[in-house]
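These come from Swiss-Prot:
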| type | residues | note |
| --- | --- | --- |
| BINDING | 15-20, K55, 71-72, K88, 147-150, K168, 173-174 | ITP binding site |
| BINDING | E43 | Mg(2+) binding site |
Amino acid sequence: MTTPTAARHMVNFITGNTNKLCEVRAILQPAIQVESQTLDLIEIQGTLEEVTLDKCRRAADLVEGPVLVEDTCLCFNALNGLPGPYIKWFMKSLGHTGLNNLLAAYEDKSAQAVCTFAYSAGPGHEPILFQGITDGKIVPARGPGDFGWDAIFEYEGQTYAEMDKAAKNKISHRYRALAKLQEWFAKEMAP
């Protein structure tokens, strides 16, 4: 039996990151049911869009159903967009302090958090991209350091890590991209 809050659509979010999964579910559900699968997908090198589209196509083929994949960038304006789509590896190698040190010689600490989701209805369906951007700046780590670079990305006086999760989920780059996905589902997938 369908209830007013029952999900009308279902996607398999391809991630092994429980923090990302929690955020995506908090933003999309109950309108879109979010299941999770962990696939070891090799990421090509390229632009954020190329990486996300490639991951989505391969995930749709493996899952044989509707998939949602995500790729995130942290772009330092002083470094012409670096680390960009390679933030995961920069973060693993350098940590919060090392990322701050990359900007030590620059007055400009501004940055963009960019999130790109790709949705595919399944094998053979061309993925659709949804991108969200939040402008902020890089600061010394503040708040819990347990979710990537959240502790060094400041938006309007608070780092993502200092924010209440519900507040972050209303302004983040991930939220902005998922809002576009929700809008698309509402228009394109309406009964």
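Here, residue 1 is simply the first one shown, and the rest follow in order.
Placed from the backbone N, Cα and C atoms, the Cβ positions cover glycine too.
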Nearest-integer angstrom distance between the alpha carbons (Cα) of H173 (ITP binding site) and the residue listed as 'Mg(2+) binding site' = 21
Residues satisfying Cβ distance under 8 Å from W149 (ITP binding site), sequence separation of at least 6 = L74, I87, M91, H96, L99
Which one of the binding-site residues (T15, T18) has its C-beta surrounded by the most other C-beta atoms within 10 angstroms?
-> T15
Nearest-integer angstrom distance between the alpha carbons (Cα) of T18 (ITP binding site) and E43 (Mg(2+) binding site) = 19
Please list residues from the chain of K55 (ITP binding site) whose Cβ is under 8 angstroms from its Cβ, counting only those at least six apart in sequence.
-> I14, L41, E43, V69, D71, A118
Among K88, H173 [binding-site residues], residue with fewest other Cβ within 10 Å = K88
What count of other C-beta atoms do you get within 10 angstroms of the C-beta of E43 (Mg(2+) binding site), across all chains shown?
-> 16
Indicate whether W149 (ITP binding site) is helix, strand or coil by DSSP.
-> coil
